[in-house]
Amino acid sequence: MILVFDVGNTNTVIGVYDREKLLNHWRIRTNPQRTCDEYGILLRSLLENDKLNLKDIKSVVISSVVPTLMMELEWMSRKFFACRPLVIGPGVKSGLAIKYENPREVGADRVVNAVAAYDKYGGPLIIVDFGTATTFCVVSAKGEYLGGAIAPGIIISTEALVSKAAKLPRVELQRPRSLIGKNTVSSMQAGIMYGFVGQVEGIITRMKTEIETTPQVIATGGLAAVIARETDVIDKVDEFLTLDGLRLIYEMNRG
């Protein structure tokens, strides 16, 4: 079995695969202070709760945008699973031609998403990942990673608004009854929800114009389903896109 880690700035998603089958997944808070032993104990608990044996994990794959966690996760892999993890980064085969000016600048999560989306849906593609940042990645029909856009994520944008405007409360991200809010909470919900829907629609429309083709638009990330319900520019929400990409890259680099 393969254990995969998608370490984001806010959350870490962990999945366990038996060949191509995702047996289970877990979402935990990303904590840069967590030690390798704490990760190991946590994983033992999660696996045993699902009747999975720690000894059945033969490989570990890690994608992380938090550099300070890498050493602890590598140590955890060696100590608890007796294996050297595959860390997504420069030198790891992805099957994509990276057309960035400096390919090393492309985040591991963006590469992983592109690999999975191209494998599952073909190209051309626009991949939108709703994470701490909202990222837009373009993949050509030939499997070239052409680049993309990075915008502030929904949660951090909302937190910035609340922290800088003393009278504004924290609100739940949900569809308001009306775009024209009748109180502070509904007005904030309207602005946040439809502000981000408009951002997604605007960027995707402009990208389609620039690449002069009609790509499929695949969305992933914690809030993908929420935004996708409010717009018709997203063709499909794929909750496990990143985890699937980690498994695919492992297969490319195995042996």
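Numbering starts at 1 and runs along the chain as displayed.
Glycine too: its Cβ is placed from the backbone N, Cα and C atoms.
Source: prediction; values computed, not measured.
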Please identify which of Thr35, Thr68, Thr132 is recorded by Swiss-Prot as part of the ATP site containing Asp6, Val7, Gly8, Asn9, Thr10, Asn11, Thr12, Val13. Thr132
Starting from the Cα of Gly8 (ATP binding site), work out which of the binding-site residues (Tyr100, Asp109, Arg110, Asp129, Thr184) are within 10 Å. Asp109
Binding-site residues Thr10, Thr12, Thr132 vs Thr184 (substrate binding site), shortest C-alpha separation belongs to Thr132
Number of other Cβ atoms within 10 Å of the Cβ of Gly107 (substrate binding site) across all protein chains: 18
